[in-house]
Structure formats: C-alpha cells, structure tokens
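So the structure is just underneath, and the comments pick up after that.
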Amino acid sequence: MSRIIILLITQILVPGCLCRALHFDSIEGFGEWSIFISQNADTDLRIRHRRDKVSFDIIVKKIKELSNGHFSADNQKRLSGPSSEVPIFEAKMTGDLRLIYQIDVVANDDERERQAIKIFGIYTHAQMDNRMWESISRRLGRKCKEYRDRCAHRIKAENADNQTFVPALFPPLSEDEEVDSSNWLLDEDPVHSRFLMDKYVVFSQPLLNTMLADLDATFPHLVSTKEKQIIEHPHSCYVIGRSGTGKTTTLLFKMLLVERTYRIRGGDTPKPRQIFVTQSRILAKKVEQYFATLSHSLVASSQSLTQLRETRAGQRGAVLDDEVDMIDVDDIEDWSGDLPSKFSELCDEHFPLFTTFNGLCCMLEADIADAEGKTKKHHTAPVSVGTVERGNFSLTYEVFLRDYWPHFSQSLAGKLDPSLVFSELIGVIKGSEETLEDAKHFLDRTAYQSLSTRNQSTFAENREDLYELFMAYLTKKKKLGDVDGADRAHKILDFFKLQGVPGQRLDRLYVDEVQDNLLIDTLILRMLCHDENGLFWAGDTAQTISVGSSFRFNSLKAFQWRLEQKRRSLLTPSSQEAIEPQTFQLSVNYRSHSGIVDCAHSIIELITRFWKDSIDRLSPEKGVVTGMKPLFFVGLDEDADGLDHFVFGDSGNRIEFGAQQCILVRNEAARDRLKSKLGDGVGLIMTIYDSKGLEFNDVLLYDFFGDSLAKISQWRLILSALNDCSMVAAPDFERNRQRYASICTELKFLYVAITRARENVWIVDSSESSEPMRMYWTERDLVRNIKPGTNTPKLATSSTAEDWARQGRILFDRKKWIEAKHCFGRALQPENVAIAEAYHLREEAERSSLDKYNMKLRNAQFRKAAEAFYKCSRSAGRKRMLDFVRLSGSCYEKAGEFLLAARNYSLARRFNDAIRCYRKVDHYDEAVRLAQTETNVEPLLAADTIRVAKMFYFNRVQSLPSCPDRDKKLQQAGSLFDSVEDQLEYLEDRDMDIARAALLAAHGRTREAAELHLAEGRTLEAINFFIRDTDTDRENSVRRAAECVLNGLWQKLTFSLSSEHLGEDSDFLNLLELMQKIDQSSLTTGSRDELAMFQAIVNKDQTALRKLGSIFLKAKSLPAALLCLDHYYTPPLPFDNLTVHQMADELDLFRQYSQILLDLLTNSRPAEQLSVCKVFGIQKLSDSHVCLPNGSYLRRNYPSDSPSQDLQLNMLDFMRYFRLCISNRLRDRVFEQNNICRVCKTFTPCLPFAVFGRCHREASCQEAHLSTASLTDSFYNTRLRIHLQQILIVRILHSVYPYSSGTMVFQRSFWLNRLYDAIFPSSHTLGTLAVARFQHITEFPKAMKILQEWIRDSVYKRVFTPINTFLTDLMRLGTLAMIFDRPFALSQSLLHRGKYNFLTPPKIFERYGGGEIIYELIGLVEDDPQSNPNYLIAALLALKHVITESVPIEIGLLCDLLEKLCRSFILVSCSHRDDNLHNVTLPRSWLMQPVCVEEERRKQFSLLSVLISPIGDLLAQIYNGHSADHLLYQNGNLAANNVPIRARTIFISRVCRAICLLGYNIGNDSLRSNILTELTSLRKLQRPDSQFPSLYRKYVEAHLWKDLASAVRRSTNGSAMDEMVNVVHKGRHDHTRYSPPGVRVVVYDKIEDIPSLLIGTIPPVASATTDVPRNIQILKAPKAAVETLASPLPFNQFAWKTMHVEDKPVEAVVPTADPDASAANLEEELEEQIEDVAQQAIPFSLNGPLVNKTEILEPTELEHRNAMIIQQAYRRYSHRKAKQRTQLAVSRNKWFNEYLKLDDIQNSRYRKTMLGPLPHIMVFLDLLHIGTQDSKNSTKRRLRLPLISEEADLLDKQLTQINNALKKTTKWKKTLEPQSIFHASASRDCLQLRALVREMEEFIRTDLSEMPIKISIETKAEFETGYKGIAQEPAPPKAVPSKVRKSELNTEDVNEF
C-alpha cells in the first residue's frame, strides 16, 4: 500500500497540478481575466450581501464586466495620476460606489505568467483618498521595469471594440531588486503598504456561492511563483525563510493538495498518512484550524447553492462559544481530539495529523512503555497517586534557568549567556550527530573539544569552560531526576534501533520551525516516514541565529543526506533511487517593508563577516514594499533623561503607545527600570527574549546598547566594518577573537529586535556603546538619525478597545500574561484581566526556585494563583467554569494544599484527581466514598484506592496504641472485607502481626494473640496478653509470662548495654516493673539468679554483680557470667586500694572474664552457639547470614549510614566484625586494667615504710604502706602470685596486638622488671626467694611457660641501646632465666644469643685488661663452673669495673650481684677449707639452695682484695649521691636530691652486710682489715651535727673486726622473712656452746639436708585470713616440708644433684641461757664463745682464662638454603591465610561438599553440573532469600509506624511482590537442595534443571528489578556464573578461515614504469 501511495503522490505533485487539484469553476458569464479579490473586498462583499443585496449585485456585475476585459472609461479610471507606471484604477458602479483595482501579473498554470485583475476593495467617495492610492502606485512602480511594462501592456480582444482586452501571457519573471529602495517618503502612510501585502483569492463560482448562501468560507489565496514551485515540488525539500515569507503557507497548501487530490480520485486509493509537526501547540492548532477551514471550503466548492444554503440553515442553531480562546491551549485537555495514546494505534481517520513534537514523542513513549510492559509481563499500568514534580516532561530552558543556572560556578557561568549555554549543552554536546554512536549519548571532553569550529562556532574559544558546566549540569540533573530533550530523543532512538518503529509509518512528513528541534530529533522524524521523497523541512533563517538554536540548515541537510546514503547502502540495487532534496529560500517578506528588512540584513552581514560559520549563508531578504528606515534618536549622549523626555514626553503628559506598538529592552532588569520610570500606562514593554515569535507594527528599541553585556571597547569592533575606517581606531578582530565573542550574541539579539517590527523601528540609546553601530548604519544609509529640534514623526498611535483586546488575545496565546493583562486592561475587559493575572501568578510560582529554602514562598505563590483561578471560575461561563476550578485545584496541589485541591477537583468533577489528592492527605474516608459512588472514576484507580485503604487502615491499627481511634480503623478496615478469616489471611500475607493480634484479641482469641506477639519478638505485649488470658490453663499462662519477662530482659539488656541506654525505653521499664510483680516460684534457680543479675545491673550493685558472676562461673553459665562481669568491670575498674590477697582474688576473676572474651575471640562459629547469640542479641538468618538488631552492642559500633536499623551481614563479614568488636572490647578492658595495675599501690609496697615504718612522702606516696606484721611469707608469695596473674592477663593482649609491636614489647619488659622486683625486693624485709612457694600458686605452670617465652624473646632482640639500662635489663633477664628457664638457658647459651652478641660493645663495657664485663657478669648469673672455673674471678673484676668506671646499673641489681658474688666466694673458700661447710654463717635466703662441695672446689678463688678496694667509694656515692648518676634508682638515679635517705640507708646496709659476711666466713685478717678500713671510711662524710642511721651505724662506726662481726650477726633481727643461720655439722657440733646472738644454729648431717632443715622450721604459709576479708585461701601450707618440697625450687632441679634426706632430720639446737645473768654480760659472754672460722690464705694467682666466651657458630650454606625454603613456605602460607576468604566462597564450598556426597548420580554431565555451576545457583538462592527476608523485615518495621498514603501504597505492593518472591525462592531451594528427589529423577538429562534456571533468569530480569530487594553485584555474578554453565545456549563455533592463496606480484608494467 505504501508503494501505491508513493506513486499516487508522485503523480499528483507534477507541474501544473496545483491548478488542477485546487481548480475552481469560473463564474458563469465571466471572461478570460482572472479576478483576485483582497480579504477586505471579500469581507465587504459578504457584508453587503447580507445587508444590501442590490449593491452586491451591482458589484458582481461590475466584476463580471472587468473579467470580460471591458475597460471603458468608467471601468478603468486612473486614481494614481498620469505619471504612475503601475496605475491604480477605479470602476464606477453607482453614484457613490467605486471598485478599486490594478492590473497585475500572476503565475499561470503552465509555469508562465499572465495578466490578472486584483481588486483592493469597494469604497465610497468619502472613503477614497487619492494620495493613498498614489502612494501605493509609487510603491508598485519601484519594482523592476519588466514588471511595470507587463502591468501596462494591453492586448485588444479580437472581434471586439477598442475598450475590450484580453490578458497577456509572459515568461516567468525573476525576482529582482526594487529600483529605488533607498527613497524615504515622509508623507507616505505605512498603512498603505498593507494593501500590497494582503492576501488575494480568486473570485470563483464556489466563492460566489458561499457569499450567496451567507456561508463563511476561506479559499486558498494567490501564491507567488516561488511558492507555487515549492507546493508542486514532487520530492523532499528544505524551505528556508523567516516569519512572513510564506513557508507555512506552502507547507499547508502542499498538504491540502495531496489531500484534495486523494478525495478527488476516490475509489480504493489508500489515504495518504500526512503529519504536520512543530514545537508550538498554538501553531499546530492554528494550522490545523486553517487546514480544516480550507478543506471545508473545498468541499463546499463541489456543492450546489441549494446545498450550501441548507448547510447554512443547519449552522444557525449553533451557539458560538469564544471562551475557548481565554484559556491557555496547554490547559485544554482534549485539544488533540480523539487521538489515541499510542503512535501504533493511529488509523487513517486520524490523518492528516497536526501535532507537536512533544505530542508525537508522547505517543511513541506510550508504545515504548507498552513494549517494556509486555517484556516485563505487566499487563496493567501502575496507578499513579500524585503528579510527578519533575521528570514527567523534557527539561525546558525555563527549568534550566530556574533550577540549574544559579547553582553553576560563577567563575564559569558569570560571563556566558544562559540561553546559548543551554543550546550548546543540549543541542551540541547531547544532541549532535556524533552522540548517536556513543553509548553514553553525549560527547566526551576530547570529542567536544575536537569539533569543527566551522560547524559549531558559538563557543569555539572556550569549550573547556563549557564542558565543565556540562559536567555540573549532568550532576545536577541526576540529583533532580530530570529528563531533557536529548535524553528523551536518545531513548526513543534506542528503542527504534532495537525494535523498530511501532505501527505503520508515515507517507508524508511536514516539519515547521525545524530549527526549534535538536538534530537528533530530526532522525526520529525521518525514521517515522518510510518515503525518502516525502519530507518537507521548513525553518526560519532568522531563528537559526536567535536564542535556542543549536544547528544550521546546512548541518541538517548534511545529516539527512548521510542518513539516506547509509540507508541506501543497505538496500538492494533494484531499489528506487532517492532524489537529493532541493532547497528553496523564500526571501520575499510579506510582513515587513524593505527599510526594516535591509537594516536587519546588515546585521546578518556583520555576523557573517566576523563569524562566517555561525549561520547559514543565504540570499538577502527583500520586502514586498519599501518603507521608512529605522529612526535612530541621537544628540543627547550626555543627557539620558533629556532623551527620554524628548521621546516619551513629560512625566505628567506621557506618550501612550498603541496596541500594535511595543517597547523592547535588553533584559528584565531594564524592563523593570523603564516601567518604574515611565509607569504602566505608557504601553507594552517587553524584553527581546520575550518578544521572540511576536510581531508589532512599530517597535521602539530602548537603550539596547547601554544595557548590553558587551563593553564599548568590544562594540568598537563594528568600526572595522566601515567602508572608510581611516578616521577611526578599529580593533583587530583576528588578534583576539575570544574577546569579541559576546558581540556575536548581542548582534543576534539586535536582529531579533529589529525584525519584530512590520512598519516602524525606533532606536533610542544615549550610551556611547551605540555609536559604532549607528556609524555603521549611517554609512550605509540604513537609518535616519533624529536629533533634537528635528521634525520628529509621531511615535504613538491610538488604538481602539477592540485593538487592545485583539492584541491581548495574541499575547495571551503566546503566554505573555503580564502584557496580555495590560492590553485587556486597556480594552476594559476586567474578566480577561483577572484570567491573565491568574496565569501570571501561576507562571511566577512555576518560575520560583525548587530550592527547599524557597518552598514556603513557592507554595504561597501557588496558593495565590489557585485563589485567582477560583475567582475566575465565578465569572466564567459554564464551559470554562469547570476548567478554572480544575486549574485552581492544580495550583492548590502544587502548593501542597491537597485537601483544597481535592475539593476543587471534586467541584470540577475531576474525581480521579480528587481521589489522588485525598489519598495524599490520608483522607481515605472521602477517597473510598468517591471510589465507591462515582461512576466515572477509573476502575483501576477505584480498585487501587480500596487496596491502599485496606493497608492504610490496618497500618493505623498496626502503629497506634490501643485506643478508640484504633478500634474505629479496625472496623473501617473490616468493612472492606467479606469475613474475619479474609482479614486474617490478608494480614498474614503482609506480616502485619500487630494488627492481626489486635483482630484476634477483638474477637476474644487472647491466647493466640499472645503467642503471635511472642513469636514476633514483642515480649511485653505477649506478657500482657498472657496475664489477661482467662482460659482454664491460667497457671501455664502465668509461668509463660514469667519466662517472657526473663526473655524480654535478655533481648533488651544485651552485652554492654547499660540501663542508661534504655532509660527512655518504655518496654524495658515495663519489663522491670513486671519483674518485681511476677511470681518467680515457678522459675529455676538459674533463672532466678538471672533475674537477680538484671536487677543488679539496673541498680549498679557491684557487690551483687561480682557475687553473681562467680556463681555463674561455677555453674558454667557463661552467657550470664559474661554479661554480669562485663557490667562489673565497666570503668572505673575495681583495682584500687586492695590488699595483695584481695588483688589476687580480683585478678583471678578478671582473668576468667578476659578468658571468656578471648574464647569468644577465637570462636570459629559464634553465630551457631545459642549462648553467644543470646548474650549479644545475634539473630541467625541462615548458615551464611546473621542480623544484628538495632541498639545492640554490635549494631551500635558498626559504621553505617543508618545506625537506627537492624543490620544484616554475611557470615564472613560478621565473623570479622565480631572478632573486631570482641578484640576491641578485650583490648580496652585489659589495657584499662593493665594501666591501673601498673600504677596500683598493691603491686609496689613502699620500701622505706616497710623497713622503717615511716615514709617521708606520707599521704602523697604512690606506694603501699604496709605494716610490719603484714610482711609475711604469705604476703611475699601472694605478691608473686598477683604478678604472675597480671602476666597471664597481659599475655591475652597478644591476641589483639602483634607480638612484636612496640606496645607489647614495652608491656613485657615492664612486667618482667616488676616480677624481678617482686622476687628480689630491695630489702629482705619484703621477702626473699627463700620463702617463695611457686608450686602453691595455681597460675604458676601457665605463667612459667609465658615467662620462658618472654625472657627468650627479650634476650634475642636485645641490643645495646638504650645503654643506660642495658646492663640492668640483661642481668635481670639472665637472673629470671636461671630461675624459670635454667636448663634451656644453659644448654642453648641463651644469654650469648642476643643481638648484642653480634654487635661491637660500647667502650664502657670493656674492662681494663681486655675483658668484656657483659660476658663476665653473665658467668656470675649462670653460675656454671663446668663451663669456666674462673668465672667468679672474672665477675669480681667486672663488678669492680662497674663500680670504678661508673657503668650505669640499677642500685638494687648491683647489691644483688654483690651479694651473689660474696655468697659464691664464701662457699668456694669454705669448700676449700672444709669438706662439710662446717661453721658457715649466712642468711637463711643464701642457704636455701643446696651446695655441692665438689662443684664449689672447681671454682677458682683469688683476688678478693680487688673486690674490697672500691667499696668505700661505692658507699660514699650511695650516701651523698656525688658521682652517683650511674647508680639508677626507680625512674632516676642516686645523684638526684629527691632520693629518700631511708632508701640510701637500705642499700648501704646491704653492701656493708655482704662485704662483712665475706670477711666473717673467710678467716683472713688482712681481708678483714681491708673490709674494716673501707666500711669505716664513710665516717669521713659524716656531718658533725648528725649521726648515721642505725641500720648501718654499727658497720661504719666499728673500731675492731669484732664490731663488724657483731653487726653482721644482728643484721636480720626483727625480720620475719630472713634470719642469720650458722650451719654446724653434727659430728663437730659442741653442744656446750651457746648460739651466737642474732644467729640461729642449724646442725646437719649432710649438706644436702640444709634447705630442708631451714624450710622445715619456717611456719607454714598462712591463708591471710586476718587481712583478706573475702576469706580467699591463696597458698596452702604443706603438711610436711620434706614431703611437699623435695626440691624447694623445682625450676632449679637441673642445677642440683638430687639428695635424699634421712627420715628424721636433725633438729636445730638452741642452747638455753642463764636467766640470772644480765643481758649485756650474757651477750658479751656469748660472743666470746663464738667459734671463729679457721684462718685461710687467699690465693692471688689464676689458672686458665677468666672467660671462655661461648662460640655461636654461623649457619652453614645448607642451613641458609633450608631456612630460605622454610621462610618462603611460611610466607606463602601467611599470604594464603592473610588473604580473606569471601563468604561466597565459603557458601559455595558448603554446597559443593553437600553435592559431592551424592555419589549415586551416574550421569557424568549432570554430576559435573551439580559440582560446577549448581553451587553458584544455590548460593544465589540463599542470598536472594536472605535479601528478600531482610526487605520484608524492613517493610514490616516501617509498617509499625504511621504511613502516609504513598507509603501505604508502595509498601502494600512491595509486600505482595516480596511474598511472591519468597515463595518462589523457597520452592526453588527445596527443589534443588541435595536431598531433593528432583536429582533422583529418571532422566537426569539436565533439561529440567535448565528449564528451572531459565525460569529464575526470567524472574530476575522482569520481576526482581522492580522489587526493593538489595542484591549485590557479587550475588548477581553468582547467578550469572551458574546460568552460563547450565542454561545459556553455547555460542556457535567460530569459523576457521581457509587459507587464501597469496597473490603474486604483477611485474608486467615494470618496464613501463
């Protein structure tokens, strides 16, 4: 059929067809002369026929005579005088009536021209003005000579008289320039030119018949030759011409021609589908009306006079209604008539179709939406409740200016014109041809910047700034959700590309004002038309250079041609060849005269001169007639007010312009300024932009250059266009093109302003910027300069009320409301003024910013507009009253006044809109009433309203507390259902459990309601319902209530939550209240304890929490224990001001608490343990996901944008997060506790107070002041225990901190030093190692392993820095290693493997003589004679070096080393002297270690005097602090003044005692003399007025050795921790001798028995019940010393040889003193009886080296290699371990393992599918199910809050979709799970599995995308992986290209070359 139509139209559109198709029969009796009458003549004739038929007949008779060529004197009398070359004639009809006409030349049917008669009108003598006709004659005479000759030519008729002529025929006449277009005649009235521009129609029989029938009709008017060519052009074409050149006429007549020909032919000829498209709805409407009028007239041409009269009689009953004109055409809902909503539904009866491009796109979008709906299987469109504020139509320039432009960077946008920027963004970057191939549908930065400057020149110089604005535009558009025209076009084109054009395509396409479209819009239009020869593109060349244009006609033609070339390349060779469209330019302007046209064309010349590629180059436009040049008012440059006075008159006597006159200004600011100056009565004042599309008789352009954005320096560019610019300084344009870019824009605006006028242009400008343009125009004689004093023409013209009303209608139709209001006011039409004002108010509101800060003002403006429209409805007729009420409702709706809007909509019978607005304000009672009672409500909307009302009412029940309103809503909801069961089913489907419980309770089903509340976690409600239950089993209900209280408390008060967090939680407070009231007798003991725990937490009862925590620990109730202890150990922690026994108890409890946290931290599956979930409130959703409830500890600490909502995590993320939280908790608690313990007094007793009972710091002392009575062995061992406990606690930090971190290194070093201080106090008063009972410390086995690890690590990593503490740290570490790790330390040479061993030691550690004191002292610490028998001598020399060379060392450690060295020398000397160590006197702490005489004899013994010699200096340094900065003490040194004297005293006494013990046990007088000398040397430093402290006074003030001996014996008096012991062999014991004073004598048989004897006589370790209020038994005393302590220090068994003690050890003998003797005599007597040791010589020689440095062998190459292999393997292992496994991988492996167990699957393909892609599918289903359930829970939570209408609607739909999705996923999971019989089906051919997976894919593609279910990209990827492996069709194999035989080189023409 399309082929037939093409052939038909091709036959129609041939030259001459216009006459045949639009031919009208000549009037009977008329002659050869064609008669054309003007519109005025037509109107006059019709009026005369109605009023005076006699004169009508006379006129027709006269016309008949003229048509027959009877040019008698009466019929052809000149009016224009004898000199006129184109005369105007009059034909006399009666004495007063004349017919005015001319002989003209018109187009003939055969492309020639012929003479014809043009009748101007019928006039009386009074109406005739000869001057006017002379003026018209002169204007016609300005045409070319050929035209004048043809008009004057006469051919006499053959066989007729001399007064009868026939019309002459001529060849076509070219359109030449007027002969004298420069003449300006002051006396010519511009009105005269209108006769020459009037339209003329042929006076035919049909026209006469309509006159005779008094039937109004419009016939096609006379067209020019060029127009006729366009109309008859048979192919596609482009028609270019500005407004008034006739392009729309040619378009319309062409459509009429095609339609008329179709109707003439009739028969079975298919109707051509013609469509007229434009952007303006007004233009589309007017063209359609004109087409309809012409069509009706053409129909009338085929009717008889009788038929016409019958038609007229039928019209007399019709009532004309002009109200339609006073409503905006965009507000007429049915303006397009009965057009369907979809393009595909257009039928033949809809053509020819006149529509807007927007309307056409809406029909196409409806087809697209329908196609998408079918794809998604949605057969009914969703019901929209409210109007969408944004995104429902293309983003317009007004929206861009309002919502975008103000938000752009002013540094970029401030210098640019927003309209041009908008055109560039939409028309070029988004709407150009290049965007069609880009997936993003816009040019990237590079592509835009590389565009041709010739084609896109507007912003050629600053495209970078433009693109920055574009990016800001995209960001803003995305945020607002807007859709611009380019987005819309690309969406339609994408649809065309995929699915083609919907429906039947068009035969003919006519596009008017094509420049208003984007270039890509033309592609849409082109694709709608199947005929490449059926395109008609019409545009306005003037508009291509005005605001909004984005492309030129050349661009359009090139684009369309490329499309045709591409299309034809796809066709077969036999296809019809397209003909290149022809371009027609209509250059004759029928509206403006040549004075205006020429001036405007000069502006185009300027633009093309400087910016040649910015517009199309076209032939100059011409006016039909000449006219006045524009007037330029000059001469008052310095006095703008004077010029205003000259033009507008005095302020009291202003000129009032007429209806067809307008004052144009540059911008709105200038308009407002001028209005304020002149007032509103001066006339129409508009901006140039607003005047676009309008025309006036006269235009006054006011201060355009003064208000221009361009500066005078830029306007001077115009001077370079002068013919003679030698007298002016013109700038060089090429040097800085960018500087003058704004002039191009200004010239375009100037062009628009000039071309608004038809007759007069007046330019008023006093600014200096106007001078260059004025000079340019003046040089070309295009303007007339008016100076003061010149005879100024009259500017203002008067207008009648009808004129003002007519102009008001025009402006109203153009949406110029404020100007229309002005015109209606001048026309005295208050009703129309009110209507225009209402529209103006609405426009102001719509222009108001949508910014949230401006919404209040915007809403107020819409309310004002709504009120105005409502007032208009009161005075409007019946037809428009409802429209204005509707518009009022629309404004109320936009103002947010939905209730008022709904009521107005109801009044306007717009019930659908009323229902929507009622729903917006939740007035569902009214909405339901309308939906149920009104018949014209959309069925879908009515059903949807009922649906949402159900949700709304039940939501109120769901969210409101129990109250009458809630009961009412429950009843209202129930009225929408048939039964209670239907309601329950509805509520169950939507999980509205609260409403369901309320419904159950309302019907007496209380127990069911309680269980429902409990199942949903609403414990409090469940309790209330259980209590209210009146069933027979009430006891069970009470018990359930009590259990619910406890469960509710567990749910509320989870881990770490305090009662303060829930202080405002009414549910929690109610639970606490119920806890006091309920009967707990039915609960278990554990449950009662848990209730007590919650009560203690609320009351913050720390004592109760501690007690309950211990109870729970014993009962292994770890959740309760953790919750209890976590609250107990909430800072501040309870570790201050405790005794050591209390501290031990507290540390033990804290360690258990920390261990629970540590166990949680290392728990691999916490979510699977109900106890963990209980205490932390974790909700396990599935094996792979958990939920963290809102308010819980884990949820509160999770970084999230929505902390007030439940959080769902996959298992891996949860595990990481759970461990992080527990790790942080553990770290914080342990650090807090550790920091407290580091400064806690309990760990650091005050040394001076312990020894002397006094402290100089008194209350400010930071150490514990302990009484002497408390300093027992129990205290000492408990102090050791708390250090070991703290070490175990600190060890826990390794699980949360890297082992090698600085924090942990510091903590380990700190507590090792603290432990050393506890084992080796600075005074024996605080205890000695001799009383240590490690085996009785519960924590010792675990602590010893940790100590070994710490000591080894510390030694290995120790370097020499910091040097001040190096020696101290190393010796302490070595000592601890010998205590806790001696076998390893000695066997592995631990102290020789530190990093320091491989570094060069500092000089300070090198002893004179070449020794290294570090290793010499290490020998002393190791005490291993087998490695080196000279180690004591080496240590002696090293210690002397330390003292004499001031090596930094801690003073307490120095004393420890000195005592150890003295003890060793004593034992060595005694072993050399005696085999049995008889008569050795030492402190008990020195004797506790067994002695082997054989080993002692191996040690070398000499050089003791070397040790004694520096003692005096050492004592002096300790005493006064001089040169004692190397002696470290606490955090300073002894050189500091703040070191207490008592502390110095203690260290002096220790040095004195150690040296004296050396002399006391070695019988060498020389040695003793040296000792006495060194000790007494301190007397030199004594101040005269003071005395030495008693603790060492006897040493310093001794005169004889016996004084020192006496002081040594008494050195431990008063100490419960140590005593001086004299060991005596039983074979040499003298029973008659008394025990020395202060010395305990122990008789032994074997040396190895000594430790047992010493410990056996020590009182057992007490439990410290006196000072431990909690009665904690820390250390139990052994039943028998020998039984419990075969080895007193089990960690030293390696160093001892095990020796058996006799069954009955020898008891110590204590002699009895004579009671009658005096104490002094007795003491002296006893001292004289003391057995001194035998004299002994001290050797001074050495045998062998002092030190045998342990050689640490370097690793071999093989060991290096092996170590590297191990290192690399460990790194790979660490990398794999560090690489986090994803939850997807874990879940996938789980399903894989499950399917792997199904070994009965024989089909290998199916098994591969099960083990390959199917686990991916199952993981996806798991995640989909979780996501769906989470979405459902979220929706349920939202339903518990009051909802607005839109939310209720949305949530109802969402719940329906979610429930369907849950059902599907559950079904799929059950079908595919490993145990399903689906896998055991007989076929196992994968077909069923494939079908099932494809079903899933369709669900995902169509349904899931519209659901509020969050599915991550990874989750989707899981399904895609599974889908590809199961259901996706495999791609066809790629063809293997065959080998092509290589062509051989042609060498035949080599010679020729």
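Glycine residues also receive a Cβ, built from the backbone N, Cα and C atoms like all the rest.
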Original post:
TrEMBL lists region 'Disordered' for one of the ranges 244-273, 1924-1953; which is that range?
Top reply: 1924-1953
**OP:** Report the same-chain neighbours of T248 (ATP binding site): residues 6+ apart in sequence with Cβ closer than 8 Å to its Cβ, ordered by sequence.
**Re:** L283, V287, D512, A538
**OP:** Determine which residues of the same chain, besides G241, R242, S243, G244, T245, G246, K247, T248, have their CB within 8 A of the center of the CB atoms at the recorded ATP site, and list them by sequence.
**Re:** T249, D540, L586, N589, Y590
Original post:
Per 10 Å Cβ neighbour count, which of the binding-site residues S243, T245 ranks highest?
Top reply: T245
Original post:
What is the Cβ neighbour count of G244 (ATP binding site) at a 10 Å cut-off, with all protein chains included?
Top reply: 23
**OP:** Taking the Cβ of K247 (ATP binding site) as the centre, count every other Cβ atom within 10 Å, in any protein chain shown.
**Re:** 25
Subject >> Local Cβ density at G241 (ATP binding site) - other Cβ atoms counted within 10 Å >> reply: 26
**OP:** Starting from the Cβ of G246 (ATP binding site), draw a 10 Å sphere and report how many other Cβ atoms land inside it.
**Re:** 24
Original post:
If you average pLDDT over the domain 'UvrD-like helicase ATP-binding' (220-593), what do you get?
Top reply: 79
